[in-house]
Amino acid sequence: MRKRTLVSVLFLFSLLFLLPDQGRKLHANAEESSDDVTDPPKVEEKIGGHGGLSTDSDVVHRESESMSKKTLRSNAEKFEFQAEVSRLMDIIINSLYSNKDIFLRELISNASDALDKIRFLALTDKDVLGEGDTAKLEIQIKLDKAKKILSIRDRGIGMTKEDLIKNLGTIAKSGTSAFVEKMQSSGDLNLIGQFGVGFYSAYLVADYIEVISKHNDDSQYVWESKANGKFAVSEDTWNEPLGRGTEIRLHLRDEAGEYLEESKLKELVKRYSEFINFPISLWASKEVETEVPVEEDESADEETETTSTEEEKEEDAEEEDGEKKQKTKKVKETVYEWELLNDVKAIWLRSPKEVTEEEYTKFYHSLSKDFTDEKPMAWSHFNAEGDVEFKAVLYVPPKAPHDLYESYYNSNKANLKLYVRRVFISDEFDELLPKYLSFLKGLVDSDTLPLNVSREMLQQHSSLKTIKKKLIRKALDMIRKLAEEDPDEIHDDEKKDVEKSGENDEKKGQYTKFWNEFGKSVKLGIIEDAANRNRLAKLLRFETTKSDGKLTSLDQYIKRMKKSQKDIFYITGSSKEQLEKSPFLERLIKKGYEVIFFTDPVDEYLMQYLMDYEDKKFQNVSKEGLKVGKDSKDKELKEAFKELTKWWKGNLASENVDDVKISNRLADTPCVVVTSKFGWSANMERIMQSQTLSDANKQAYMRGKRVLEINPRHPIIKELKDRIASDPEDESVKETAQLMYQTALIESGFILTDPKDFAARIYNSVKSGLNISPDAVADEEIEAAEEPETSEATETKSDDLAGGLNIEAEPVEQQEENTKDEL
């Protein structure tokens, strides 16, 4: 009985479905036979599933079959674009936009404009917002994979019929621009306009576009175009009323299928529109587990005949009594709901006093995509006012990227992002921060920055220069403040008070950490940025002969200078350990002078640009011109060693030695070699010789003249003076003088051009010390006679020979002995 009832019910349902289907077929046949496309009938069905474009609160109906053909409606008013479409599309596709992704940025930007407008009007008239869902200021994105439609909807001010014709039918005309002209004296409109062609970027991915819009002062209209030179506008009588706002439907090209993926849309919103003022939501899918009733298996009907009558009766009785408990099971089900995509708050719009440290840290991790637990070393949040207004947040990362300096001049670091009214513009340009500050991460949001027709190509405008100047100053102030707040940077006379207070414990050692990570960038800034050279010099840190392994600054160095000291002394080399043993420091250290150690290769270039600081000149102690006070015996010593210096200079004429002088920098070493004031130091020569593409001719020119300085108090120099006085032609004295010069070259950090000659002189000196004749040579090697063949082979041959001649073979040793006897 139950089986027959079920069959009857199914038959009735099939009849109900067949009747509407016949109606649809008749309607389709009528369309095919008609030359003109008729308006689609109004559809009352709500679409809330994955393929639909509506929800319970926001219902938009599917298109009719005629719309799927992407043809203009027959009853619509037809217009032609005022600009040639071929030229328009050429500008949009080929000239303005380097990638298709930004179409979504442009449409969301326009939606934000519309929301800004209605919000501004609502300040004086709250009724313009309406009620319910219409009053929500939001942007919604939906996709229909089956029909390849992407929809972007806003609840903004909307457009009238006239607005649609004027703003979307004319190139370089923007509703926002007109609105600004109308309201510019009423306050801050906070609009993103000025373009007029942003909407047309949608044709990069779509070949047919519908714009459905409803303004409070007009009916709902549809604008549609295939970008073939024509567009149409008609009153909308078939779509669900929007209430207020605009919906743009993009019928995507076949090659633009990637924009029907939820992940792609999320990525684009995250990249370009993350900080738009209004919520941006995507109708997204997700899997959830739900409990559903366990349905009877299809095989249950087949097994009914075999079940016992008693079981059927019992089952019927249970059903009648309602005592049967329904079984359920868990299944995975795909559901759709609105997912908020821009949940990161734009903290730079708030006052810095209102933002907590935790919020700054969280925003840094979101901005930099660095999701470690490390906090940024420092940050600067500020608002700039004046001719160019902008807001910015700058961060010093906790660590430097491993490849920060590997491709310094060729890299395009995406660390500073430019926004215009919360719309992402670009992160690949050098107009806002110089290369040496490229390690900073942050964001700049300008309200007044003028742009050209494309958001991707910034104009070379004075506004950019103004922003850059302010950003650099704020960045340097942030780094300077980091140093000032570090207890390790405080002078000794102030340390006791700080230690007692116990403040800034978290900031202890922070600037040392910064210097170890980014110190080279400060040095590069001194080289590249002449305008801020003095500010950057204050940020320099280095070790000295008196810093006990700690970093010190130029200001601290000057505070410790001797009263008679006029110059800032420094020395360059490959390591601190090497420099501490340098002969150039001997007399300076004994007299209590402090010398700066520069051990980074970039320091050589740095000191070519940093000539002075606070009216103090820099003096490389390995170059000529060092002044360390006057010695009362200087004139007397010069006169006493005049003959030696003159003789020595003559003997070194072939060695590119410009002069031989009495030294004022030596204490324990007999002599050193110094370079001319503007020539390369020994360390610079070493650096340049290691360059793969170095020019040998340029090296010879830049090497300059060398000066041999002798220590008149050293016993070797005194002895040479006496020897020269007695016999200036003594070959042994000449040999010793040459050896002394070569040794001084090595100790001064230079690389010998003829190490073989130097080695020969050393060996001769050793011979002399061991009382070995200078003419003594190594014994010649006695050439051994050619070794005979192996004994086994010889014995074998001897045995063969003996066997052949029937004689007894002699041992090999005996044969060799007999040969010697014969000789």
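Just so you know, glycine gets a Cβ as well, placed from its N, Cα and C.
The annotation signal peptide is assigned in Swiss-Prot to 1-23.
Taken from Swiss-Prot, the feature region 'Disordered' covers 29-60 (among others).
Per Swiss-Prot, the feature compositional bias 'Basic and acidic residues' maps to 39-48.
Swiss-Prot lists Glu106, Asn110, Asp154, Met159, Asn167, 173-175, 194-199, Thr246 with the feature ATP binding site. Cβ neighbour count for Glu106 (ATP binding site) (all protein chains, 10 Å cutoff from its Cβ): 22.
Residues annotated as N-linked glycosylation site in Swiss-Prot: Asn110 (among others). Counting every protein chain shown, the number of other Cβ atoms lying within 10 Å of the Cβ of Asn110 (N-linked glycosylation site) is 25.
Per Swiss-Prot, the feature region 'Disordered' maps to 289-328 (among others).
Under the heading compositional bias 'Acidic residues', Swiss-Prot lists 290-321 (among others).
What Swiss-Prot records for Asn452 (among others) is N-linked glycosylation site, and it gives sequence analysis as the kind of evidence.
The annotation site 'Important for ATP hydrolysis' is assigned in Swiss-Prot to Arg455 on the grounds of similarity to another entry.
The annotation N-linked glycosylation site is assigned in Swiss-Prot to Asn620 (among others) on the grounds of sequence analysis. Cβ neighbour count for Asn620 (N-linked glycosylation site): 23 (other Cβ atoms within 10 Å of its Cβ, all protein chains included).
According to Swiss-Prot, the feature region 'Disordered' maps to 777-823 (among others).
Summarising the annotation, Swiss-Prot assigns compositional bias 'Acidic residues' to 777-792 (among others).
The annotation motif 'Prevents secretion from ER' is assigned in Swiss-Prot to 820-823.
Between the CA atoms of Asn110 (N-linked glycosylation site) and Thr246 (ATP binding site) there is a gap of 10 Å. Of the listed binding-site residues, namely Asp154, Asn167, Gly198, Thr246, the sparsest Cβ surroundings within 10 Å are found at Asn167. Secondary structure from DSSP puts Asp154 (ATP binding site) in a beta strand. A gap of 58 Å separates the Cα atoms of Glu106 (ATP binding site) and Asn620 (N-linked glycosylation site).
Confidence for the motif 'Prevents secretion from ER' (820-823), expressed as mean pLDDT, is 42.
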